[in-house]
Amino acid sequence: MATRTRLASALALFALLALAGPALASSGDRHPSFKLCTSLCELKRCELHHPPLAWHLRALLWTCADDCAYVCGHRLTDEADAGRENYHQFFGKWAFHRIFGIQEPMSVIFSLGNLAVNYRGLLNVTKYVRDDNGLHPWLIVAALVQINTWFWSTIFHMRDLPLTEKLDYFSAMTTVAFMLLYAVIRVFGLQTPKSRSPYCFKVAAAFGVFVLSHFVYVSSLALFPYGYHVGVAMVLGLVSNSLWILWTLSFYIRIPTVKFGNHVLTWPYPYPPRNPQLTARPSQANTPSILVVLTMLAMSLEILDFAPLWRTLDAHSLWHLATIPLGEMWWRFLIKDANDLQVAQGGGRLPLSSASGLKQATD
Ligand SMILES: *[C@@H]1O[C@H](CO)[C@@H](O)[C@H](O)[C@H]1NC(C)=O
């Protein structure tokens with residue numbers, strides 16, 4: 001389906017605050033040569049007595065018509081390489097060389113890289129964060145949610161079908177929403193290593209209801225609303241980025257208290273009871289803000305959306321490549337932060353672990 005163009009146009013449109021739906025088809029699939037090529041190909045090859053596709057293509061659910069679109073997309077791209085034609089996208093994607101029926105091998109490899117990093121994150125949480133740290137279960141769920149997302153991203157880039165596309169999009173939304181929830185509970189101290197606010201589960205339940213109703217709503221429409229879906233994810237992502245930037249800022253400036261009616265929302269110290277403006281800043285004070293800026297830069301690759309190099313390496317796969325080291329750095333930060341907060345609250349001793357600079361949880 002038309003993921004690539006839709007995503008890129010959605011991002012661009014979002015920048016202009018115009019969340020209209022992006023174009024549905026691409027120039028390539030409307031091109032007369034492509035249309036002629038696919039009709040001839042289907043007449044010739046999509047008949048009962050014609051030998052079936054190779055088993056590995058059928059295993060990945062390639063139909064004869066899909067295969068014709070693949071062959072014809074490459075044929076028109078050959079013309080572009082020869083300078084007789086412009087580069088076109090087909091149903092929202094450039095022509096990529098498939099390997100054993102895998103549609104976008106680079107995005108598959110990089111998605112697996114992200115999956116591995118989040119799996120390491122999961123192992124590191126169990127290894128370095130104490131079980132009695134109240135943030136421990138939230139970090140475990142954060143790892144599982146992201147492992148699930150990268151699993152479906154891998155499947156989706158192997159084979160772009162309506163179902164795999166939905167699973168990828170819905171999982172990505174779950175990750176963005178959960179990471180925002182984590183930022184909210186961490187920054188406002190709804191859950192700390194030592195205590196939990198009575199609002200904590202209410203806020204989490206509100207997130208759950210929001211995400212589920214989003215899924216029900218977008219599934220109820222005849223056409224999947226790409227622009228709206230990506231727009232919602234962007235808003236959630238921007239809010240969580242802003243919260244982490246405020247977290248960094250709170251080491252430098254006093255952030256005023258906000259009053260709603262008779263409820264007072266105080267900006268907590270990042271590591272209470274230390275007043276961040278009076279004591280030395282910890283080394284990770286700037287880390288989340290740096291990661292936010294790097295993530296936004298990497299995401300701007302999506303807007304470039306250039307024709308893939310060697311019909312293999314495109315902007316979207318580079319975005320997945322960039323999130324591998326970013327994910328690793330997020331995990332190091334989240335683990336160190338959860339441990340430092342536990343120490344600040346007077347919880348267990350956490351000697352420095354030699355190699356990684358991570359704090360090891362031992363009694
Ligand atoms: C996991 O911990 C190791 C050190 O034991 C560290 O080198 C690595 O960066 C960590 N990875 C993640 C994803 O947290």
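Every residue, even glycine, has its Cβ placed from backbone N, Cα and C.
TrEMBL assigns the feature transmembrane segment to one of the listed ranges (95-117, 302-324), namely 95-117.
Outside the transmembrane segment (200-224), and at least 6 residues removed from its termini, the chain residues within Cβ reach (under 8 Å) are 21, 24, 165-166, 169-170, 173-174, 177-178, 180-181, 184-185, 190-191, 232. Sequence-distant contacts of the transmembrane segment (95-117), counting only residues of its own chain at least 6 positions beyond either end whose CB sits under 8 Å from a CB of the stretch, comprise 28, 56-57, 59-60, 62, 70, 73-74, 76-77, 146-147, 150-151, 153-154, 157-160, 308, 310-314, 316-317, 320-321, 323-324, 327-328, 331.
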